Amino acid sequence: MQILLANPRGFCAGVDRAISIVENALAIYGAPIYVRHEVVHNRYVVDSLRKRGAIFIEQISEVPDGAILIFSAHGVSQAVRNEAKSRDLTVFDATCPLVTKVHMEVARASRRGEESILIGHAGHPEVEGTMGQYSNPEGGMFLVESPEDVWTLNVKNEGKLSFMTQTTLSVDDTSDVIDALRKRFPKIVGPRKDDICYATTNRQEAVRALAEQADVVLVVGSKNSSNSNRLAELAQRMGRTAFLIDDAADIQEAWVKDAACVGVTAGASAPDILVQNVIARLREFGGGEAVTLEGREENIVFEVPKELRVDVREVE
């Protein structure tokens, strides 16, 4: 059985930054550090940080006065941000800069009183945070998930209308929704630069190449990870058997026993140690040496806040 690895896969710059913010805050200030929502959607990462003293909460009211609070990589609404400001808290923002870009687009439309449409998945924390940047009662903010949703919209002024997208969507599905928006609202304005982030696009491109060669595709990522789910869906659309797994223990031998080639990738919030564990598990089932496919090189780095720019080793 051949083992192929998608390239790129795993951590993106936004996830690296968010985890570093929590780790550095723990090193500098000590436990406990409060984090609103899971800092990234990965069980292994969250459990590791929890063991070191991070406390994950959903409501600002759960945070005691004087505590350190970190916003997750998915971003928060203005209402949440304002509630935190009203408290005696030290706040660090781990929102991915590419999510912040979308927040700024929505806030700009809100200031102008222009209606906006967000393409995204209802209930996802990134969507809740992005929708929460709009506050102008003269305009309006709408959420759509599919082309069908577009035709149910009732906007006030089709001449002043813009759209944005969640950063972790399927590139193909989003293209279909955008096509529907442009048909329904010919004057609609989109972002100057695509809102779907580089890491989402690159990992979908990589899993497409992987699925062309593999019989079975394993996607390492947690069930609540949007970008990981999209990778599994894409492999399935290409006619491959695909499984979304948290770790190597999830793999059943029956999944791969008849496969000549198994492909492995990882969502943007899944650490490489989980991929290495998957490779080890597949080798127990008769797999050979893992081979990494060619792919796009990623060199993007997002800096942590200056207050947290410290060599963690200096404070240990």
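Glycine is no exception: its Cβ is also placed from the backbone N, Cα and C atoms.
Per Swiss-Prot, the feature [4Fe-4S] cluster binding site maps to Cys12, Cys96, Cys197; the stated evidence is sequence analysis. Residues or ranges marked as dimethylallyl diphosphate binding site by Swiss-Prot on the basis of sequence analysis: His41, His74, His124, Ser225, Ser226, Asn227, Ser269. Residues or ranges marked as (2E)-4-hydroxy-3-methylbut-2-enyl diphosphate binding site in Swiss-Prot (evidence: sequence analysis): His41, His74, His124, Thr167, Ser225, Ser226, Asn227, Ser269. Summarising the annotation, Swiss-Prot assigns isopentenyl diphosphate binding site to His41, His74, His124, Ser225, Ser226, Asn227, Ser269. Look at Swiss-Prot and you will find Glu126 tagged as active site, proton donor, backed by sequence analysis.
Mapped onto this structure are the features recorded in Swiss-Prot.
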| residue | record | contacts (Cβ under 8 Å, 6+ apart) |
| --- | --- | --- |
| Cys12 | [4Fe-4S] cluster binding site | Cys197, Tyr198, Ala199, Ala268, Glu298, Ile300 |
| His41 | dimethylallyl diphosphate binding site | His74, Gly221, Ser222, Asn224, Ser225, Ser226, Ser228, Ser269 |
| Cys96 | [4Fe-4S] cluster binding site | Gly14, Val15, Arg17, Ala18, Ala73, His74, Gly75, Thr167, Cys197, Phe302 |
| Glu126 | active site, proton donor | His74, Gly75, Val99, Gly120, Gln166, Thr167, Thr168, Ser226 |
| Asn227 | dimethylallyl diphosphate binding site | Thr168, Ala199, Thr200, Arg203, Gly221, Gly267, Ala268, Ser269 |
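Of all the binding-site residues listed (Thr167, Ser225), Thr167 sits in the most crowded Cβ setting, with the most other Cβ atoms within 10 Å. Neighbours of the isopentenyl diphosphate site: apart from His41, His74, His124, Ser225, Ser226, Asn227, Ser269, residues of the same chain with C-beta atoms within 8 angstroms of the site's C-beta centroid are Val40, Glu126, Thr168, Asn224, Ser228, Gly267, Ala268.
Each of the binding-site residues His74, His124 was scored by the number of other CB atoms within 10 Å of its CB, and the largest score is that of His74. Within 8 Å of the centroid of the Cβ atoms of Cys12, Cys96, Cys197, where the record puts [4Fe-4S] cluster, the same chain has further Cβ atoms from Ala13, Gly14, Val15, Ala73, Pro97, Leu98, Val99, Thr167, Thr168, Tyr198, Ala199, Thr200, Ala268. Each of the binding-site residues Ser226, Ser269 was scored by the number of other CB atoms within 10 A of its CB, and the lowest score belongs to Ser226. When Cβ atoms from all protein chains are considered, those within 10 Å of Cys197 ([4Fe-4S] cluster binding site) total 26, not counting its own.
DSSP assigns Asn227 (dimethylallyl diphosphate binding site) to a helix in the three-state reduction.
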